[in-house]
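The structure under discussion appears below in the form of structure tokens.
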Number of protein chains: 2
Amino acid sequence: MKRPTTTAAAAPPAPRAAAAPAAPKGGPVAASRESAAAPRPRADAVRNRERILAAAREAFVEFGSAAPLDEVARRAGIGNATLYRHFPDRDTLVHHVVLFTTERVAASARAALAEEPDAFAALCRFTHSAADERIGALCPMLADGFDRDHPELLAARTALAEAVETLLAAGREAGLVRADIGAGDLMIALSQLSRPLPGTACFDTDRFAHRHLQLFLDGLRAPARSELPGSAATLEDLTWKTT
Amino acid sequence: MKRPTTTAAAAPPAPRAAAAPAAPKGGPVAASRESAAAPRPRADAVRNRERILAAAREAFVEFGSAAPLDEVARRAGIGNATLYRHFPDRDTLVHHVVLFTTERVAASARAALAEEPDAFAALCRFTHSAADERIGALCPMLADGFDRDHPELLAARTALAEAVETLLAAGREAGLVRADIGAGDLMIALSQLSRPLPGTACFDTDRFAHRHLQLFLDGLRAPARSELPGSAATLEDLTWKTT
DNA sequence: ACCGAAACGGGGAGACGGTCCCCGCTTGGC
DNA sequence: GCCAAGCGGGGACCGTCTCCCCGTTTCGGT
């Protein structure tokens with residue numbers, strides 16, 4: 001859960017070796033001039049990059065997106081200079097953490113949908129694994145200066161939205177999920193319940209988070225046991241927010 | 001919080017009129033020397049004191065107990081000097097906010113218990129009104145330097161604990177609340193769901209909070225719809241926490 | 001095994017933001 | 001109508017975070 005060793009999480013800031021064969025042998029010197037600025041990054045640099053993203057994700061969930069960067073570096077077990085070398089400023093780091101997390105959560109939604117035959121079981125599996133993936137790290141996206149409309153993010157967010165909506169729709173159609181809730185309701189409550197209580201790195205969040213998520217999920221089952229105040233929260237309700 | 005000035009956090013900054021008749025008319029000058037320092041506070045001072053407590057409660061829920069004090073003053077609609085005059089340092093303010101909130105939440109628990117015939121309805125009423133009372137403002141109590149054992153707080157906390165336990169026990173005995181949850185589970189989830197999402201003073205928390213609380217409450221009903229991981233959280237689990 | 005270059009870590013200057021005090025003005029209360 | 005308690009704004013101090021500099025280590029190719 002804490003080790004993001006799985007996929008090639010995001011577009012690396014150091015342009016990857018994608019264009020490797022682009023440089024013809026004939027002119028290695030000329031190749032180094034412009035397009036072929038892709039000297040495959042060192043193994044330890046890649047490892048550190050992933051450690052930083054994982055550490056930042058935890059720290060952002062705990063302290064918000066204003067978490068001290070030196071603290072992030074400390075948790076990642078690296079020097080602060082290394083952090084700044086990989087991500088020149090805070091905005092860049094936040095951007096990549098959000099992207100990283102969005103993609104991982106979306107992947108877990110698709111996996112749940114594909115692998116669980118029961119629609120409600122799929123919803124449960126997604127919910128618990130999104131908590132483990134620290135979906136709360138997406139909250140900085142709602143903050144003021146964040147570039148919500150960056151193409152990379154837009155794509156990732158759309159994919160996530162689609163997966164979650166599908167998951168919920170399946171549950172509703174199977175008559176297993178009450179009809180008066182929206183994907184926004186799930187995402188908000190999920191973020192809230194999986195966050196550590198403020199000022200308390202101390203007692204382990206996870207022990208309680210999964211209990212309370214399960215209780216919440218029990219409340220989502222059909223038939224509904226009560227009437228809800230207000231109206232269902234859609235995912236648009238989350239991204240819009242007019243400051 | 002950072003400064004261990006904790007010692008005197010107790011003394012009420014504005015000695016109330018408790019000792020009002022202590023000053024005999026015969027010697028008003030002599031009276032001002034020591035014991036009778038209880039000149040009934042002015043009406044506007046009392047009003048400001050309450051505004052500060054209310055504003056601080058909101059700010060602490062939103063930013064944690066490290067919220068900028070100038071921000072608290074701004075929300076209270078007063079100058080910062082007035083804030084410091086009422087509460088000489090942050091610890092004192094936090095102390096009084098926690099006390100204030102604890103007492104109000106406990107009162108609402110007792111009211112729910114006394115006035116609602118149905119045990120589950122009482123639990124619902126308490127839950128929603130605790131959210132309105134910003135129970136999340138009690139979280140600073142879990143922070144590092146906080147003097148949890150101050151007599152005033154201890155009494156208030158005990159009263160709150162007793163009321164909540166009674167509320168839950170009534171629900172359990174009536175067979176309306178599942179048996180595998182503790183008061184700690186309720187209080188934690190309640191705090192979490194009623195908190196604003198970080199970095200977002202923007203979209204109104206309350207609109208969603210009550211929906212999600214209601215969903216959570218639906219999950220608390222008997223019969224239980226699932227088996228919970230871990231074990232029930234007691235209220236001791238909340239106050240202990242060994243840093 | 002060796003070498004060059006890429007990557008790393010620690011320490012510190014600068015800047016930002018929060019705390020808290022000082023002093024002239026306003027307002028409540030007798 | 002008096003006067004003292006209470007108020008508000010502005011600013012100096014100070015702790016903290018950011019970000020850069022430079023000597024050292026480690027990777028990866030030959």
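Every residue gets a Cβ built from N, Cα and C, even glycine.
Looking at the stretches A:68-87, A:188-207, A:208-227, the one that TrEMBL records under the feature DNA-binding region is A:68-87. Tertiary proximity for the DNA-binding region (A:68-87) is limited to same-chain residues at least six positions away from its ends with a CB under 8 Å from its CB atoms, namely 13, 45, 48-49, 51-52, 54-56, 58-59, 93, 96. DSSP labels the residues of the domain 'HTH tetR-type' (A:46-105) in these numbers: 49 helix, 0 strand, 11 coil.
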